[in-house]
Amino acid sequence: MSTVPVKIKPLDHYEGLALPAYETPQSAGMDLRAAVPADEPVSIPPGEWRLIPVGIAIALPAGFEAQVRPRSGLAAKHGISCVNTPGTVDADYRGEIRVNLINHGQANFVVNRGDRIAQMIIAPVTQAVWEIADTLDETTRGTGGFGSTGTK
């Protein structure tokens, strides 16, 4: 496992919250906390989504991205996920990170200040250099997609 230094800027509305942290020594992701006002929890009715601020901005080194992903416990227990998963935070983005949560569950879900709402993974980036081709290598799969390899 490797590490990379990442600058983090807690924003004014992040005051009093713990910085994102790895919960175990082998964790790939660190939890992001909701930076909503304590007196204004955010309600997410079934089938709807809300953009939740996390109160931090980061400066990733060139060649890295941050991926924002759902927390498995919220998905399993409440049907809460991220609308665009994984969400990508590019190395040159300097604004506040926000999480677009969606409620796939049957009950209203309330996000309170400090709730752990998503996880963030720091990952290396590989950029493609396109090579125009008239043909592509043949494979066993060919053009089969969307279930073409079966379900069992």
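Cβ coordinates are placed from backbone N, Cα and C, and glycine is handled just like the others.
Under the DSSP three-state reduction, SER72 (substrate binding site) is assigned to helix. Per Swiss-Prot, substrate binding site is recorded for ARG71, SER72, GLY73, ASN84, THR88, VAL89, ASP90.
Close to ASP90 (substrate binding site) in the fold, though at least 6 residues off in sequence, lie LEU60, GLU65, each with a CB less than 8 Å from its CB.
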